[in-house]
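Asks: Before anything else, here's the structure in question.
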Number of protein chains: 2
Amino acid sequence: MSEKKRRRTEAGPPAASAALKKSQRSGSHAQGLRKQLKPDAEILASVREMYDAAQSAASSSKALTLSDLSLSAACREVSDRDVASVQLAIERAVLAMARSILAGRGFSFDVPSRAASNQLYVPELDRIVLRDKSSSRPFASLSTVRKATITARVLSLVYAVLRRDIHVTKRDLFYTDVKLFQDQSQSDAVLDDVSCMLGCTRSSLNVVASEKGVVVGRLVFTDDGDRIDCTKMGIGGKAIPPNIDRVGNLESDALFILLVEKDAAFMRLAEDRFYNRFPCIIVTAKGQPDVATRLFLRRMKTELKLPVLALVDSDPYGLKILSVYMCGSKNMSYDSSNLTTPDIKWLGVRPSDLDKYRVPEQCRLPMTEQDVKAGKDLLEEDFVKRNGGWVKELDMMVKTRQKAEIQALSSFGFQYLTEVYLPLKLQQRDWL
Amino acid sequence: MSEKKRRRTEAGPPAASAALKKSQRSGSHAQGLRKQLKPDAEILASVREMYDAAQSAASSSKALTLSDLSLSAACREVSDRDVASVQLAIERAVLAMARSILAGRGFSFDVPSRAASNQLYVPELDRIVLRDKSSSRPFASLSTVRKATITARVLSLVYAVLRRDIHVTKRDLFYTDVKLFQDQSQSDAVLDDVSCMLGCTRSSLNVVASEKGVVVGRLVFTDDGDRIDCTKMGIGGKAIPPNIDRVGNLESDALFILLVEKDAAFMRLAEDRFYNRFPCIIVTAKGQPDVATRLFLRRMKTELKLPVLALVDSDPYGLKILSVYMCGSKNMSYDSSNLTTPDIKWLGVRPSDLDKYRVPEQCRLPMTEQDVKAGKDLLEEDFVKRNGGWVKELDMMVKTRQKAEIQALSSFGFQYLTEVYLPLKLQQRDWL
């Protein structure tokens, strides 16, 4: 065997040898950042400061509402209401209909408009709200008779659900009268109308969305009376209940909530029991946030007064997901006060992290034209504009035309996320 | 006010009146079926018979394996193996490579073929298995050098994961070397190759899929050491853990497992605590079954020896989902023995149920051409053909060209599913 051949052999097969060198290289870089890490006690002290600030902010300043801004006359909002009061509201509506019919005037619903032209972003509240425009939906008009009939039917169905105090899905509702509704989008739309009309949230109508989210970490709560300890939910975590009104008695010794965009990162954090090292509650909706997860997050934030840190992909989509948690979706702006969680901090992965943490070029992905457009659109959004730090990051993203997923951090080792990246972020209070 | 007007008024607005009449009509029909219901004790006796049969079948007859059929030489299968033995297998493979290189022969992987031409449906086992054809993947060949390099890299990555005894996702694996893998489909495919080569399941490589499934009901198990009591998981249920090897100590006093296609039906069953009335374990993958849920179902079925009843939509898609649970997907046929759950009974909603339970015409949907084609294709599948009852039902579906979702039962009231339909099905032992 020639000397050259032998040397090559000793180093192992070429692929394995390249892999080895590579892992040594990234290993040494990771080692460098790892050395910057202070003892956990010091990191925790920095986290506790953030926690204290959130606690005192929550107790000293009452959250602003529409009435504080003297906007309650010009804007419309719904609130959570108990079963009895929603039933009463429906009874009143039906009685008013009956009286109107008896007076020979037929009947008509006064339905708040949910169109874009009736929506308003209120910077003081940092969310979208609904103005007070509404339109009449008379039964005795060819153009509205169908919608008026559907409205009456949905009112009667919701009333039946409330009387039994059970929960149903939008799909269940649709199936009770396919002939009338024809298409689920019609019953869904009227359901939102009914929420607005009665001034209560959709959850108060006991119509729920299906659940996608999971939670794990330092949280104890009751789900329909069952006591759930989220430190004892293994790696799979606890599925977030679809019906928030059956959730109660939240207790926690966490210092913060870690909101994670993706399932894979959630699994890493759960398996490494990250919450034992840094007391926190870890929650994910596995992508686009569903209503149940948004309600659950808001509930945790308001009751436990915990700061919320977000870990999302470094792309426009990650920020869009943050915006839905923070400002709500346009479709449900009438319920923005109950669905949104203000003041979420963007922990990572941020465009500036890519260089700071030396994410290898091959783990970054080029942005498509569509991505770049989405990024530029976000730069026009009020909720981005009011945060200088976010504008800078987003500018950098659009200019470098590079994006990266949370998983890109795996290139330094599978546990780099939990062992180096997140602890360092917390230590350096590196959130925006 | 005229007499006519008054009469109309007394009956309420027309929409509400129509709704009332309708609910009375379907109410009386539901009432009729409800009257057929015997006391729960009698229904339970019928369920217990099924339970006993499943228990004795499981203990008397060992499940058939490839070697029982003298097929183990001609076919290839993988099995669950512990961390140490998979590590050893990788070390052996690498040593063999080294020896081959030292002998001046370079190195090459012997990779089992996972192509359709190498797959076989074994009726005795009722699942798809892989034949024993394999191909050589030499490093010193232009056409295979890339794949051989990727294979070596994946072996080294999996080895690193096993050494730390952590779990990672396929996406994590891809991100460790984007430059080499280029595209996740490439690292995914080689990962399956590596499973086959080492003769172990993908779970044994500690590479997991993300979880979608939830479970609730009469089951206690440990998830990574935490004891989970699924009767105390509220309405949200427990998320099924992604890593089946951390699941253990299954205990249950259930008489059967109820496998549900959809989230909405799961929620109804969980909220009504159906498992308290009829002791069962309720599980759903929320649509197309993921690997974690399939592994979990199989685990429950084999360890607890419980019969499995399936509640799916009455359309070809519902049956397709059943087939994935029972026979596996073609893509992972090398692992069919660990992923499949034989002998699942089709409880409902079946095409014959639509008339039997008088599901209103407007709640049935016309099948599209594509649906009809999918139905006809299913009629050609071995796993359908061997069950006469299924053939009949599927024939009826294709002929009537009607389909219906589980939610269609909501037209008789939101709790019709849990209070009438399912109890009656159990009482009449109406499964195929």
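Even glycines carry a Cβ here, placed using N, Cα and C.
Among the features that TrEMBL reports, active site, O-(5'-phospho-DNA)-tyrosine intermediate is placed at B:Y175. According to TrEMBL, the active site, nucleophile annotation covers B:Y175. Here TrEMBL flags B:E261, B:D313 as Mg(2+) binding site. Look at TrEMBL and you will find B:146-207 tagged as domain 'Spo11/DNA topoisomerase VI subunit A N-terminal'. Sequence annotations record features per position, and here TrEMBL assigns domain 'Type II DNA topoisomerase VI subunit A all-beta' to B:211-247. Among the features that TrEMBL reports, domain 'Topoisomerase 6 subunit A/Spo11 TOPRIM' is placed at B:256-426. The feature region 'Disordered' is assigned by TrEMBL to B:1-37.
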Asks: How many Å lie between the Cα of B:D313 (Mg(2+) binding site) and the Cα of B:Y175 (active site, O-(5'-phospho-DNA)-tyrosine intermediate)?
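Replies: About 38 Å separate the Cα atoms of these two residues.
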Asks: Which residues of the same chain, at least 6 positions away in sequence, have a Cβ lying under 8 Å from the Cβ of B:E261 (Mg(2+) binding site)?
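Replies: Non-local contacts for B:E261 (Mg(2+) binding site): B:T284, B:G287, B:A310, B:L311, B:V312, B:D313, B:G318, B:I321, B:I406.
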Asks: Filter the recorded positions B:Y175, B:E261, B:D313: retain a residue only if its CB is under 8 A from a CB of chain A. Output in sequence order; output 'none' if empty.
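Replies: Out of B:Y175, B:E261, B:D313, B:Y175 lie under 8 Å of chain A.
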Asks: How does the domain 'Spo11/DNA topoisomerase VI subunit A N-terminal' (B:146-207) divide up by DSSP, counting helix, then strand, then coil residues?
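Replies: Here the numbers are 47 helix, 4 strand, 11 coil.
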Asks: Return the average pLDDT for the domain 'Type II DNA topoisomerase VI subunit A all-beta' (B:211-247) as a whole number.
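Replies: PLDDT averaged over the stretch: 92.
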Asks: Hey, what's the Cβ neighbour count for B:D313 (Mg(2+) binding site) at 10 Å?
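Replies: Around B:D313 (Mg(2+) binding site), other Cβ atoms within 10 Å: 21.
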Asks: Going along the chain, which residues six or more apart from B:Y175 (active site, O-(5'-phospho-DNA)-tyrosine intermediate) have their CB under 8 A from its CB?
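Replies: When sequence neighbours closer than 6 are ignored, B:Y175 (active site, O-(5'-phospho-DNA)-tyrosine intermediate) has nothing within Cβ distance under 8 Å.
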Asks: With DSSP as the reference, give the number of residues of the domain 'Type II DNA topoisomerase VI subunit A all-beta' (B:211-247) in helix, strand and coil.
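Replies: DSSP classes over the domain 'Type II DNA topoisomerase VI subunit A all-beta' (B:211-247) add up to 6 helix, 15 strand, 16 coil.
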